[in-house]
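Engineer: What TrEMBL shows for this protein is this:
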- B:29-50: transmembrane segment (TRANSMEM)
- B:56-76: transmembrane segment (TRANSMEM)
- B:83-99: transmembrane segment (TRANSMEM)
- B:105-127: transmembrane segment (TRANSMEM)
- B:134-152: transmembrane segment (TRANSMEM)
- B:172-192: transmembrane segment (TRANSMEM)
- B:212-230: transmembrane segment (TRANSMEM)
- B:236-254: transmembrane segment (TRANSMEM)
- B:283-301: transmembrane segment (TRANSMEM)
- B:307-328: transmembrane segment (TRANSMEM)
- B:340-360: transmembrane segment (TRANSMEM)
- B:366-385: transmembrane segment (TRANSMEM)
Amino acid sequence: MSLLELTNISKHFGGVRALHDIDMTVDQGEVVALIGDNGAGKSTLVKIVSGVESPDSGEIRVRGESARLVSPRAAAEAGIRTVFQDLSLCDNLDAVQNLFLGQERSGSVLTGRRIRRHVMEEQAQRILESLSVKLRSLHTPVVALSGGQRQGIAICRALISDPAVVILDEPTAALGVSQRGEVLDLIGRLREQGRGVVVISHDMKDVRHIADRVVVLRLGTKVAEFRRGEYTPSDLVSAMTGAHEEGGDL
Amino acid sequence: MSVATETAARTPASRVIELAGRGHRSIPVLVVLAIIWAVFYSQSSAYLSFRNITNLTLQIATTAILALGVVFVLLVGEIDLSSAVLSGVCAAIAAGLAVNSGLPLPVAIAVAIASGMAITLIEALVITFGVPSLIVTLGGMVILQGLILVVLPPEFTVSVAGTSFAKIASTAVPAGTSYVLAALGTLAFALYKAYQYRERLSTGARTSPVSVVVPAALVAAVLFGGVYILTRQRGLPMPVLIVAVMLLIAWYFTTQTRYGIHLYAVGGDREAAQRAGIPVRRMVVYSFLILGACAAVAGMVDASRQLGVSVTSGAGPLMLNAIAAAVVGGTSLFGGRGSIWSAILGALVIGSISNGVQLLGLTTEVQYFATGSVLIIAVAVDVVLTRGSLWPGRRS
């Protein structure tokens, strides 16, 4: 049984066909890379799976059960969490406050919803450790942290609700070499935890390094799918650009 | 990780900037305050006399209360220009009801506070509709200048001399009671810190009793020191107690509750706050409601101290002083940075300058020059801290 299963997903914006009959699965402990040129439909597909947009047709199954992802909240409740490229962190808040933003552990109305900081800190510590994200202090505003650490906090935030599937939008873009390695390790640890991971990326090197499977989109359709080790970089490029259609199609 | 190398490459100056940018923003203000006090004290030893310090606290009470409201609005990344005139309007309503209509004082006070909140609610709704707060509150200020003429009786002035209204500011809490209040305050704070310490122990977090003893000792020193100095004349002035209670409530809600985190989140990054499910617009409305209540209290304290309300109530430099106080105290104009302590610290800085200038018999020009310069320097410091670097075009 797949953690996430998309069948015949289509989406139109006015007369423009953004996605056409997309099939895709994500299994337990599997990293699936989603690649494609600009305008290939990656963002639209991510928005549909994260509940920001609704598909015109097609079915989404999470852990085998049909799911209607009408809002980001509904997607989160179904077990799908998305880390967007801009990370959506509040720079002036510290790591713990960011991790629990919008889902703080707090006391009753009588105390004015007093923050139970000790509970949050303990959970934060556990989740950060589970992905080996190292911070000098939990009290530092995240603006003072490195790009890799910020990405780590954004991913850990997705894990607060223990999702089955984590979607990462361009997690390594705009990172230095060492931080990029750090984030790729993070993705590896998500896989070890048995979660399904979808990574949207532009970077062929990262994709080859981390992905168990690669799904290639072009002009709103899925043009190819490769398993680890069954493709060369030029296969990916030709599938993305449509240089020779039959390249490595299954 | 490249963290170690980054730190090593930093100059001492940039490290100081980084430290000051992280929650230790009260320290620069305290340094500035110490310098101002030292300068004026060297000119006249009467400046730091018990009598003058008590006087100073009475002078800054109105500014501090209004600045507290302004801090809440600045924290969500908005601005307000109308609350000083609003304080005049609320004072006119309260004085009119209590003195001219003969309503009981508590009722008059409640109506004034409700009116202040109703007016800022309207402003906030227009702001969340999409009109910039600068424009809404600028227009609001002009409208309220008209409204105060409507609210005041035909002679455009209400005298509160000799009434219960005047007692708001002139009441002094006896020294004995003040010490009991200080002791209760210290005890409550120490117990709260001890409770937090036990909470942290229960999760096995690294902590030590120092986290209870040091803050409690600090609070005790401030409370007992304050009471000792301020009760030398007649007792603890009521406006000081009002400011203290308001600060206490504001401290709890901004630093200890979910509301506080959401307040800072909205000011830090609205988009991110929205995505996290925080009701951004509602948070903006809350801030303006708090400002409305603060403005009403500030107006009534001021009217009680001036023994009357007139068309000039809330006019003059009060608005700019309140904004300047919040900013000088370390609250960022760009939202999300600062604390409620900036209201009292900034009001102290600005009040200390004007008090000293008057005490030394210097001309008004000097006061304006000094206050204006301190404001600009404070914002320059804020820019440097926000940017994290001394020079433009660099980020740490």
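Every residue gets a Cβ built from N, Cα and C, even glycine.
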Engineer: Considering pairs 6 or more residues apart, do the transmembrane segment (B:172-192) and the transmembrane segment (B:340-360) have at least three CB pairs under 8 Å?
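Structural biologist: Taking Cβ pairs at least 6 residues apart, the transmembrane segment (B:340-360) and the transmembrane segment (B:172-192) are not in contact, as fewer than 3 fall under 8 Å.
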Engineer: Would you say the transmembrane segment (B:212-230) and the transmembrane segment (B:307-328) are touching, if the rule is that at least three C-beta pairs must lie under 8 angstroms and be 6 or more residues apart?
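Structural biologist: No, these stretches are not in contact.
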Engineer: Six or more residues out from either end of the transmembrane segment (B:340-360), which same-chain residues have a Cβ under 8 Å from its Cβ atoms?
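Structural biologist: Distant contacts of the transmembrane segment (B:340-360): 25-26, 29-30, 32-33, 36-37, 39-40, 43-44, 46-47, 52, 55-56, 59-60, 63-64, 67-68, 70-71, 243, 247, 250-251, 254, 321-322, 324-331, 366-367, 370-371, 374, 378.
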Engineer: What stretch, picked from B:29-50, B:56-76, B:105-127, B:212-230, has the most CB pairs under 8 A with the transmembrane segment (B:366-385)?
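Structural biologist: Highest pair count goes to B:29-50.
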Engineer: Which one, B:29-50, B:56-76, B:83-99, has the most C-beta pairs under 8 Å toward the transmembrane segment (B:134-152)?
Structural biologist: B:83-99
Engineer: The transmembrane segment (B:212-230): which same-chain residues, six or more beyond its ends, come within Cβ distance under 8 Å?
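Structural biologist: Same-chain contacts beyond the flanks: 50, 53-54, 57, 175, 178-179, 181-182, 185-186, 189-190, 193-194, 196-197, 236-237, 240.
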Engineer: In the same chain, which residue numbers or ranges, 6 or more beyond the ends of the transmembrane segment (B:56-76), come under 8 angstroms Cβ to Cβ?
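Structural biologist: Distant contacts of the transmembrane segment (B:56-76): 83-84, 87, 133, 169, 230, 237, 239-240, 242-243, 246-247, 250, 254, 263-264, 266-267, 283-284, 286-288, 290-295, 297-299, 301-302, 305, 318-319, 321-323, 325-327, 329, 331-333, 335-340, 342-344, 346-348, 350-352, 354-355.
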